[in-house]
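See structure below.
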Amino acid sequence: MFELETIIKTKANPDTFFDFTGRTSVRDGKKRQHSHSWEPQQPAPPHTQTLAAADETSRLPSPEVTHSEHIAPPSKLRTAGILVTLASVSLLNTFNSGLLTVALPAVARELDIAPSVQLWPASVYALGLSCGLLPLGAIADVVGNRPVFLTGLLLYTVFTLAVSLSRTGGELIAFRTVQGVAMSFCMPPAVSIITSSFPAGRTRNVAFAVFGGGNPVGFAMGLVLGGVFVQVASWRAGYWMSTSVNAASMILAFFCLPRRLPGSDRVPLKSMVHRLAHELDWVGVGSASACLALLSYLFSELTNGAASFVRRPHSIALLIVAGLLVPFFVFWESRQERLGRPAVLPNSIWHRLEFTTVCLSVFLTWSWFNAFSYWATLYYQESQQLDALQTAVRFLPVVVSGLGTNLVAAYIMDRVDAGMLSLIGGIISIAAPLIFALQDVSWMYWKSAFPAMIISVISTDLLFNISNLVITNNFPGKSQALAGGVFNTVAQLGNSIGLAVTAMIAASVQEAAGGEKMATSGSVTYNSSMLQGYRSGFWTCFAAAIVATLISSIGLRKAGKVGEKKEV
């Protein structure tokens with residue numbers, strides 16, 4: 001998987017080695033082509049053996065089986081339980097965000113949250129989530145998926161209940177932060193559970209599609225039920241319901257997730273602790289997590305206005321620290337790889353076109369889609385003067401489209417090239433922000449906004465399935481939870497940056513338009529300056545969607561059918 005060779009010394013003849021990397025290398029001054037069959041070789045130079053052994057260490061062996069393609073899939077009953085558990089986790093992750101999105105005005109009034117920090121309950125969740133994805137992905141690869149996943153579900157249940165009992169804005173912000181950390185326990189192991197439970201091919205494709213399908217369903221359900229709860233009962237009722245569903249998911253996971261996969265052995269606690277201490281790139285994990293946490297915080301600050309941001313000395317200081325952590329991380333990973341030591345994200349992996357392509361594509365796609373959803377919500381409520389429930393109902397097409405896209409993806413990933421899928425999905429979804437940028441506030445929902453909501457999620461869900469398969473294929477079988485952490489980290493960073501950038505652009509456009517200017521179109525009276533700001537946000541989303549489509553379709557043109565069953 002990485003650049004160094006994997007070399008095995010035979011038991012029968014210690015001087016004979018087998019190389020199954022399937023690539024060209026130089027051995028004893030001679031260039032030779034290795035096939036995928038085990039070919040006897042001359043002994044490797046001592047330094048090569050050392051580096052090979054070090055590379056095996058850097059792959060972070062897990063107590064679970066690393067070659068999932070050799071494992072028979074679980075029984076139908078256990079398979080159903082695993083899929084329901086994973087879908088419920090992704091659903092609850094976005095459900096709580098959707099619930100808070102539509103209920104935030106009511107929450108702010110009840111808890112007396114100052115306008116300057118009203119976005120913090122939503123922002124700190126992303127902050128907590130981004131802090132834990134990489135370290136917990138690496139830890140799960142050592143201690144196992146099950147204990148990390150169950151711990152996350154337990155914490156998420158407890159602090160979802162705590163959110164519902166919040167008495168002040170400070171308590172709500174603190175509990176939402178820990179909620180985000182708790183979810184970071186679940187997301188990386190979820191990816192590893194799929195790759196270690198289901199062999200490559202149709203079954204794994206379906207598992208990823210089910211896992212991804214929970215995201216749009218959860219967010220839309222949160223919006224709709226949040227609007228209902230706010231008007232009928234209380235926003236707290238939504239979190240009580242979420243707590244109940246989460247507790248049920250935790251019980252189901254306890255009985256359905258395998259304690260150990262077939263062929264794996266129980267790892268002694270002492271050995272596990274030793275590996276945690278010596279086989280993880282703690283400096284790399286720490287610097288990357290600190291940088292991501294700082295960036296998440298800073299971009300959430302930027303959404304409140306660039307002018308206020310630059311007037312805060314601590315914001316500038318933190319921005320400098322985050323900027324310095326980036327070259328330090330690159331230097332450290334280069335050093336670790338050069339010395340044959342564990343590296344959380346080796347620099348050489350960026351030389352892989354498919355991996356780099358999906359990371360850039362996921363970053364841009366999640367950037368524009370998250371920002372698009374945010375500006376669409378404001379467009380409905382502020383420009384078209386709709387209430388929370390009416391706004392939430394207008395997001396229902398996203399649920400149907402998201403479910404349909406994931407269902408289709410599950411059955412075509414092994415039949416259609418990834419580049420073609422990315423191109424088709426991207427071209428379709430590009431039209432969504434374009435429609436919102438051009439439509440008039442008096443236009444009927446069915447004429448413009450309805451088709452835009454349907455097509456908006458198609459590229460995101462197709463890319464979710466493609467990118468998970470590509471990223472997990474680029475990490476060793478022993479590091480699949482870390483692969484899940486990388487995917488979710490890139491997506492989370494895209495969410496934060498996309499919203500911050502579009503917010504800055506919208507604010508500057510609105511300011512240039514000159515304060516509050518009321519206008520009328522049909523029967524709708526709206527603030528024309530504010531609408532210009534919203535439209536600039538949609539135009540920015542449109543541009544990002546075009547770039548994401550170009551990158552994914554070109555970069556994945558040779559990727560082939562990423563969901564195809566592998567020959568082993």
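Just so it is clear, glycine is given a Cβ too, placed from its N, Cα and C backbone atoms.
When pLDDT values are averaged over the domain 'Major facilitator superfamily (MFS) profile' (82-560), the model yields 84. Feature annotation from TrEMBL assigns domain 'Major facilitator superfamily (MFS) profile' to 82-560.
As annotated by TrEMBL, region 'Disordered' applies to 20-71.
For 82-107 (among others), the entry in TrEMBL reads transmembrane segment.
Annotation comment: TrEMBL describes 119-140 (among others) as transmembrane segment.
Long-range contacts of the transmembrane segment (172-194) within its own chain (CB-CB distance under 8 A, at least 6 residues past either end) are made by residues 62, 64, 82, 86, 89-90, 93, 96, 100, 107, 111, 113, 117, 120-122, 124-133, 136-137, 140-141, 145-146, 148-149, 151-153, 155-156, 159-160, 162-163, 166, 204, 207-208, 211, 257, 468, 472, 480-485, 487-488. Feature annotation from TrEMBL assigns transmembrane segment to 172-194 (among others).
According to TrEMBL, the feature transmembrane segment maps to 239-258 (among others).
Taken from TrEMBL, the feature transmembrane segment applies to 279-299 (among others).
Same-chain residues lying 6 or more positions outside the transmembrane segment (314-332) and placing a CB less than 8 Å from one of its CB atoms are 283-284, 287-288, 290-291, 294-295, 297-298, 301, 347. Positions annotated as transmembrane segment by TrEMBL: 314-332 (among others).
Residues annotated as transmembrane segment in TrEMBL: 353-375 (among others).
Annotated transmembrane segment per TrEMBL: 395-413 (among others), in sequence order.
Summarising the annotation, TrEMBL assigns transmembrane segment to 420-438 (among others).
Annotation comment: TrEMBL describes 444-464 (among others) as transmembrane segment.
What TrEMBL records for 485-509 (among others) is transmembrane segment. Note on the transmembrane segment (485-509): residues 123, 126, 129-130, 133-138, 184, 187-188, 191, 288, 292, 295-296, 299-300, 302-303, 305-306, 345, 359, 362-371, 374-375, 467-468, 471, 475, 532-534, 536-537, 540-541, 544 of its chain, located 6 or more positions outside it, place their CB under 8 angstroms from a CB of the stretch.
The annotation transmembrane segment is assigned in TrEMBL to 537-556 (among others).
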Exercise. Hey, does the transmembrane segment (239-258) touch the transmembrane segment (353-375), meaning at least 3 C-beta pairs closer than 8 angstroms, sequence gap 6 or more?
Worked result: no
Seminar exercise, completed: Sequence-distant contacts of the transmembrane segment (420-438), meaning Cβ under 8 Å and at least 6 residues beyond its ends, amount to 361, 368-369, 372, 375-376, 379, 405, 409, 412-413, 448-449, 451-453, 455-463, 466, 535, 538-539, 541-542, 545-546, 548-549, 552-553, 556
Problem set entry | Segment-segment contact (the transmembrane segment (239-258); the transmembrane segment (537-556)) at 3 or more Cβ pairs under 8 Å | no
